[in-house]
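The following features are taken from Swiss-Prot:
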{"type": "ACT_SITE", "residues": "CYS374", "note": "active site, S-methylcysteine intermediate"}
{"type": "BINDING", "residues": "CYS142, CYS146, CYS149", "note": "[4Fe-4S] cluster binding site"}
{"type": "BINDING", "residues": "GLY200, GLU201, SER232, SER254, LEU255, HIS256, ASN331", "note": "S-adenosyl-L-methionine binding site"}
{"type": "DISULFID", "residues": "CYS135-CYS374", "note": "disulfide bond"}
{"type": "DOMAIN", "residues": "128-371", "note": "domain 'Radical SAM core'"}
Amino acid sequence: MTPSAASALVEKTPLETYVPPAKPSLIGLSRAQLCDRLGDVGVAPPQRKMRAQQLWHWMYVRGARDFSEMTNVSKEMRAMLAEHFTVDRPEVVAEQISADGTRKWLLRLPSGGDGQKAHEVECVYIPETDRGTLCVSSQVGCTLNCAFCHTGTQRLVRNLTAGEIVGQVMVARDRLGDWIDRETPNGNRLITNIVMMGMGEPLYNFDAVRDALLIVSDNEGIGISRRRITLSTSGVVPNIKRTGDEIGVMLAISLHAVRDELRDELVPLNRKYPLKELLQACRDYPGASNARRITFEYVMLKGVNDSLDDARKLVQLLKGIPAKINLIPFNPWPGSNYECSDWDQIEKFSEYVFNAGYSSPVRTPRGRDILAACGQLKSETEKLSVRERNALRAMAMTD
């Protein structure tokens, strides 16, 4: 495939122009890009690779928030770096902690100056007995308008940069005390898994998501295995194969319906990439095997997609795909037109799929007491007055 043909496959959405801060953050740059930035400010070529590696270690292993913490870098070099760059990550505007331990953060992104509105996104930490999963956003808002999703009620503003995506992981480690230090030389390992299931469609922001996940999975940095990173897409078919080839993470498909006419309603992207095309892309996904199964997410909507006939059709659709099915009880949010399926019906659906040979875990609802529907915390805080938002921000800054 020619470069021009490949680029033609990349989906585009109308976006607000991103204006970087006056002093850009080094978070989210590759090693080669770090070397280039160091060259821009006069670091001699023989030193660039070594200095870039020092920065990489301090940013992604130690979690340094300021150049002054980088004690094996000379004072002169630290001063020069601080003059031109930062290692800023997003700012915590609000934090909600659920009774079940789930944490949700509303994060303000660095803006390009007084003339640009500071945008906000969410990320969520879900602790479990055997893992800790961080749900990360890829866009400010979303363009897909999925009928059951709260983020779909918010217009797409812009894509996140690689640094803003990596920054969410770093903020979570900051808040959880999950970096390496003298007391915890191997880290606490509270964040073991990453899921790209927050605000936005990751495959409509492919380049930034790819660059961010390559940093997050780098063994000499944050070091989360690619087998513990899952990218969820609503079905941007042209970029599914690229995900396997260029990122190599686990794939999840927001399926939610087994017939095109219903999926057209629930996931409007289906009108562009119908089920036949989507499932063929899954069959062709690089590296898919019984050891690296594709997850199909299926939100359980009462009287809409939860019949045993739907379960039978689901099994037929997935024939030949190394798959597991993640059944998701619908998480209600104000203004939604749907209800969660009855628990007995969810269990019957799960049992049928399991007996057909597919793993069919039912996702345990988490954090319902802290505005857990994706996008809901952002929507609720936008209704607050400036004084109330400042109070939330002050509370979030208090550990």
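Cβ from N, Cα, C; glycine included.
Between the CA atoms of GLY200 (S-adenosyl-L-methionine binding site) and CYS146 ([4Fe-4S] cluster binding site) there is a gap of 11 Å, rounded to the nearest whole number. For the recorded positions CYS135, CYS146, CYS149, LEU255, counting C-beta atoms within 10 A of each C-beta gives the highest total at LEU255.
On a Cα basis, CYS146 ([4Fe-4S] cluster binding site) lies 10 Å away from SER254 (S-adenosyl-L-methionine binding site). A sphere of 10 angstroms centred on the C-beta of HIS256 (S-adenosyl-L-methionine binding site) encloses 24 other C-beta atoms. Mean pLDDT for the domain 'Radical SAM core' (128-371) in the predicted structure: 92. Taking the C-alpha atom of GLU201 (S-adenosyl-L-methionine binding site) as reference, the shortest distance to any of the recorded positions CYS135, CYS142, CYS146, CYS149 belongs to CYS142.
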